[in-house]
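Reviewing the structure listed below.
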Amino acid sequence: MSKVGVIGAGKWGSALAFALSEKCEVYITSRTPRDMKNFVSLEEILRLEYLVIAIPAQQVSSWLREHFIYNNHKVLVAAKGIEATSGKFLNEIYEEHVPNEKIAFLSGPSFATEVMKSLPTALVINSINEELSAEFACFFPSFIKTYTSTDIAGAEVAGAYKNVIAIAAGICEGLGLGKNAAASLISRGLVEMQRFGKVYGAKDESFIGLSGAGDLFLTASSTMSRNFRVGLGIAEGKSKEQIVEELGEVAEGIGTTYALYSIAKEKDLYLPIAREVYYMLEGLDPHVSLRNFLSN
């Protein structure tokens, strides 16, 4: 039985530790000590060959610099997002510390609460090293169907961008604009993130599969989604600071929105949904912003 170390004991990290424990000997660690089975120190985790890292995107760079020493690990990254300060995708950040052929990225539609209930789930493991993807795929339980892909760019763009669309969808729901408007917003969001993905060499098929459309439809249509709930808060007139405090969890879409806004300005890209979400996070009246977008 393979030993796997999970770094990050939030909802998603804990859910993955639960799922992987069916076939693996799993250990877990986090910044804050937890009263959990198989909770160990980071030093013990880093002695293992297989690592699953579920650290939020905005914390990854500092954590890698301060705590991570590569020791021939095989790494599966289980977070999605773009670093707001640098505009870097997670693969760009991790590849500064881990060889490309030793790292994979997890994507696809997955709520942690449903994984914890062993409900059917499908995920994609993305890596340039197909043998590595196959290794990690073998660790997942029967209720999680895994697929593999080499399109890291597609998985990274889709996984990050869908959180921004989910914020917009939450605003749409909170304003009571109806299901017609929501369907229009989500489908246009899919086109927007696919167009953005081409800038990074992403493949079109990734956006119509689990990593793209699948994850987008899940995240942008349910109050189980943190980013959707951010949108609901904006529709209620709350500031992003108030929303984050009430949420008590990381909503990756906020940092990703700011990153996309900066990238769009730098590269002169037309990203209307990301732009409007940025304006609304900055305090623009959502009644004005979203209605104007939907009518144009």
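Using the three backbone atoms N, Cα and C, a Cβ is placed for every residue, glycine included.
What Swiss-Prot says about this protein:
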ACT_SITE  LYS162  active site, proton acceptor
BINDING   TRP12, ARG31, LYS80, ALA112, ARG226, VAL250, GLU252  NADPH binding site
BINDING   LYS80, GLY108, SER110, LYS162, ASP215, SER225, ARG226, ASN227  sn-glycerol 3-phosphate binding site
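Set side by side, the binding-site residues ARG31, ARG226 differ in how many other CB atoms lie within 10 angstroms of their CB, and the most is found at ARG226. For the pair SER225 (sn-glycerol 3-phosphate binding site) and ALA112 (NADPH binding site), the Cα-Cα distance reads 10 Å.
If you take the C-beta of ASN227 (sn-glycerol 3-phosphate binding site) and look for same-chain residues 6 or more apart in sequence within under 8 angstroms, you find ASN163, VAL164, ALA166, ILE167, GLY170, THR219, ALA251, GLU252, GLY253, ILE254. Between the CA atoms of VAL250 (NADPH binding site) and ASP215 (sn-glycerol 3-phosphate binding site) there is a gap of 17 Å. Of all Cα pairs drawn from LYS80, GLY108, SER110, LYS162, ASP215, SER225, ARG226, ASN227, which the record names as binding sn-glycerol 3-phosphate, the longest spans 16 Å.
For SER110 (sn-glycerol 3-phosphate binding site), the spatially nearest entry among the recorded positions TRP12, ARG31, LYS80, LYS162, ARG226 is TRP12, judged by CA separation. Sequence-distant contacts of LYS80 (NADPH binding site), defined by Cβ-Cβ distance under 8 angstroms and a gap of at least six in the same chain, are ALA57, LEU90, SER107, GLU156, GLY159, ALA160, LYS162, ASN163, GLU252. Note: the Cα of ARG31 (NADPH binding site) and the Cα of GLY108 (sn-glycerol 3-phosphate binding site) are spaced 26 Å from each other. When Cβ atoms from all protein chains are considered, those within 10 Å of SER110 (sn-glycerol 3-phosphate binding site) total 24, not counting its own. You'll find the Cα of ASP215 (sn-glycerol 3-phosphate binding site) roughly 13 Å from the Cα of ALA112 (NADPH binding site).
For the NADPH site listed in the record, the two most distant Cα atoms among TRP12, ARG31, LYS80, ALA112, ARG226, VAL250, GLU252 lie 21 Å apart.
In this structure the C-alpha atoms belonging to TRP12 (NADPH binding site) and GLY108 (sn-glycerol 3-phosphate binding site) are separated by 13 Å. Other Cβ atoms within 10 Å of the Cβ of VAL250 (NADPH binding site) number 20 in total over all chains.
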